[in-house]
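Visitor: This is the structure I have questions about; it appears just below.
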Amino acid sequence: MAHVGDCKWMSWLPVLVVSLMCSAKAEDSNCGENEYHNQTTGLCQQCPPCRPGEEPYMSCGYGTKDDDYGCVPCPAEKFSKGGYQICRRHKDCEGFFRATVLTPGDMENDAECGPCLPGYYMLENRPRNIYGMVCYSCLLAPPNTKECVGATSGVSAHSSSTSGGSTLSPFQHAHKELSGQGHLATALIIAMSTIFIMAIAIVLIIMFYIMKTKPSAPACCSSPPGKSAEAPANTHEEKKEAPDSVVTFPENGEFQKLTATPTKTPKSENDASSENEQLLSRSVDSDEEPAPDKQGSPELCLLSLVHLAREKSVTSNKSAGIQSRRKKILDVYANVCGVVEGLSPTELPFDCLEKTSRMLSSTYNSEKAVVKTWRHLAESFGLKRDEIGGMTDGMQLFDRISTAGYSIPELLTKLVQIERLDAVESLCADILEWAGVVPPASPPPAAS
């Protein structure tokens, strides 16, 4: 009886283990974005935030926390507001925006740009983002531009007063250098166009001579009709010579041989005709078979992502926490698709792209063998290995796919395909913050 009781206990043991694992995973799924499940108290606890000038190292959130999680100071020329934000690069006021530095940046604050540099102006109808603060050269400014009126008048007055001198103002030097660069660029364009046209002409001439010296098809195929025409003549002559040959052999054996040979000919012709009919019927049957349609209908960005999510939910046996997180990310993605439809990745802010590039780098997570990097993302876009080898980070990949005509929703779809939902979530949050759209409220988690 004791042995029977032990067997019953062993049969219930796997069920208890599975139930305990499911309850633990359900508890992890109830934790928020910046919360982890405390095994001691059994409750969700807030991840330790970082101070200003620091960024989080490793990952913490959604019920899990790495053992090496902590905060590290920002490197030089970068800043962070603290909390759970990563360090971002300071604004390059003079190099990128062509503006003066109003307040230099430090580890806790970003740099603030002032007015435009001399000889530059700001567009009136500029976009309401970081690119709207870029200053442009007065050489390309429309007439009567307020910022460029004093510069152009000063240059004209100075040139009229010192017409006989050899000294030039810095603005005139810049104008002279720009004009020289413009002439050089024009000469390069003309030279490249000439070389391209000459190469096309050489290729066309070579193809013309090849087609001219190539023998024509009817000349090659003229011999079989000649042979077929000679064949009936030979058979006709043999038919004419047949009676004479019969007379020359009076023996019965030889006569029987001659008379027996024509009887075999109809039989062989019937066999050949039957074989030809069989081959013809086979060819007709094979021609009537419909060819498979290899061209699939193009799928929309959102529909393909929803189909991918359904397929993942059916085939994979993942925990309820990961499924709820995937649903949250898909809801945010659906909202982002309507905001950035038709926009290329390079139209996003520089800090947003740099953050995504860092998340896709090989040094972002310690699990290098599991987490996919920007190289896997490049392979999903169909780039060749030699082209991927010439890139150093995700920023160059974003420039490449933007040049190829890919949009932001297509980039998000590829990130989901390589199982980088953390990058999708971070990029969607930055896009909504940049566009000023409130993210959709996530539904409460289902009770296990």
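Positions of Cβ are set from backbone N, Cα and C atoms, glycine also.
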Visitor: In Swiss-Prot, Cys87 is listed as disulfide-bonded to which of the following: Cys71, Cys74?
Guide: Cys74
Visitor: According to the record in Swiss-Prot, which candidate from Cys31, Cys60, Cys71 pairs with Cys47 in a disulphide?
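Guide: Looking through Cys31, Cys60, Cys71, the record in Swiss-Prot gives Cys60 as the partner of Cys47.
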Visitor: When DSSP is mapped onto helix/strand/coil, what comes out for Cys50 (disulfide bond)?
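Guide: DSSP call for Cys50 (disulfide bond): strand.
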Visitor: Can you tell me which of the disulfide-bonded residues Cys44, Cys50, Cys93, Cys113, Cys148 is spatially closest to Cys87 (disulfide bond)? Compare CA atoms only.
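Guide: Minimum Cα distance from Cys87 (disulfide bond) across Cys44, Cys50, Cys93, Cys113, Cys148 lands on Cys50.
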Visitor: Which chain-mates of Cys93 (disulfide bond) that are at least 6 residues away have a CB under 8 A from its CB, listed by sequence?
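Guide: Those within reach of Cys93 (disulfide bond), by Cβ under 8 Å and sequence separation of 6 or more, are Ala99, Thr100, Val101, Leu102, Ala111, Cys113, Gly114.
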Visitor: Which whole-number value in Å describes the distance between the Cα atoms of Cys60 (disulfide bond) and Cys148 (disulfide bond)?
Guide: 52
Visitor: Pop the Cα-Cα gap between Cys74 (disulfide bond) and Cys148 (disulfide bond) into the table, whole Å please.
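Guide: Between the Cα atoms of Cys148 (disulfide bond) and Cys74 (disulfide bond), the distance comes to 39 Å.
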Visitor: Give the helix, strand or coil assignment DSSP yields for Cys148 (disulfide bond).
Guide: helix
